[in-house]
Amino acid sequence: MSLSKVKHIVLVLSGKGGVGKSSVTTQLALSLSQAGHSVGVLDVDLTGPSIPRMFGIEDAKVTQAPGGWLPITVHEADPSTGIGSLRVMSLGFLLPRRGDAVVWRGPKKTAMVRQFLSDVFWDELDYLLIDTPPGTSDEHISLAETLLQKAHPEQLAGAVVVTTPQAVATADVRKELNFCTKTGIRVLGVVENMSGFVCPNCSECTNIFMSGGGEVMAKDFNVRFLGRIPIDPQFLVLIETGKSPRYPEGTSVNGQDISSATQVAANGDETRDSRLLVYKYKSCSLAPIFGPITADIIADVTR
């Protein structure tokens, strides 16, 4: 099984679409890499694979090896800066054209998920993050059954569940938490995404979708609340254009001044180069927020 070299497997789940699972997966991967861990991301959102675009590698094509695939490298490990390697696998790399629709029935989706879990040749990984579609569909059932049957119990660390603050979102995400209970998947915690909006001019954070719904839900299910993540337009600029985030002078997040933290390894290179994403993300206002979330997950998984 291709998961034999993986230490910890973390699922990123949500019962609601559009809550930012792929964004959370991307930032968890970057934060883990910044902490020196080797990371893989497996995108099993078969009908809407967005992970390739998040990392700026949507034009990449996987290499076919005897019996499987070699994942795409986002960046290699850099011992001089303490950065860990990051690799990605997605159905998006296998489509003939980027805009092609995937119109598959349940059995074919199930077979594809199982193939992804068995036929991708990962190097030694500290963490494999699995980005999933919304809901509790065939992909989720196949994923849970395969992991529970074939992965070692110590490998399957658990799930990070993503929601937004509104009741219309948490109502569906509660079903995902029930799914985890029924399938025996441990919940590592709940992330409340899109909890506030960071003004690009003054960096003040305003609640536009309410706030606190994710924390209330976590308490109701007696699971850890990992934190709130606001919407930051500068993160979108980074993902879409490759330009480093920039903020007004004196902008501080969690006591860290990020207004001058724009140095990247490329010495100011503002091209959309996936190899530089992990360095540029350090200057994003969301990085100091994801840092403690990532640390909590690591502490929970490795205790």
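Just so it is clear, glycine is given a Cβ too, placed from its N, Cα and C backbone atoms.
Residues annotated as ATP binding site in Swiss-Prot: Gly15, Lys16, Gly17, Gly18, Val19, Gly20, Lys21, Ser22. Look at Swiss-Prot and you will find Cys199, Cys202 tagged as [4Fe-4S] cluster binding site.
Structure with Swiss-Prot features highlighted.
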residue : record                        : CB count, 10 Å
Gly15   : ATP binding site              : 23
Lys16   : ATP binding site              : 21
Gly17   : ATP binding site              : 13
Gly18   : ATP binding site              : 11
Val19   : ATP binding site              : 26
Gly20   : ATP binding site              : 19
Lys21   : ATP binding site              : 26
Ser22   : ATP binding site              : 22
Cys199  : [4Fe-4S] cluster binding site : 13
Cys202  : [4Fe-4S] cluster binding site : 10
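Look at Gly18 (ATP binding site): DSSP puts it in coil. Between the C-alpha atoms of Val19 (ATP binding site) and Cys199 ([4Fe-4S] cluster binding site), the distance comes to 20 Å. If you measure from the Cα atom of Cys202 ([4Fe-4S] cluster binding site) to that of Gly20 (ATP binding site), you get 24 Å. Cys199 ([4Fe-4S] cluster binding site) is 22 Å away from Lys21 (ATP binding site) when you measure Cα to Cα. In this structure, the CA atom of Ser22 (ATP binding site) is 22 Å away from the CA atom of Cys199 ([4Fe-4S] cluster binding site). Excluding Gly15, Lys16, Gly17, Gly18, Val19, Gly20, Lys21, Ser22, which define the ATP site, the same chain contributes Ser14, Pro134, Val162, Thr164, Ala169, Asn193 within 8 Å (Cβ to the Cβ centroid), listed in sequence order. Rounded to the nearest whole angstrom, the C-alpha distance between Lys16 (ATP binding site) and Cys199 ([4Fe-4S] cluster binding site) is 26. Across the structure, Cys199 ([4Fe-4S] cluster binding site) and Gly20 (ATP binding site) place their CA atoms 19 angstrom apart.
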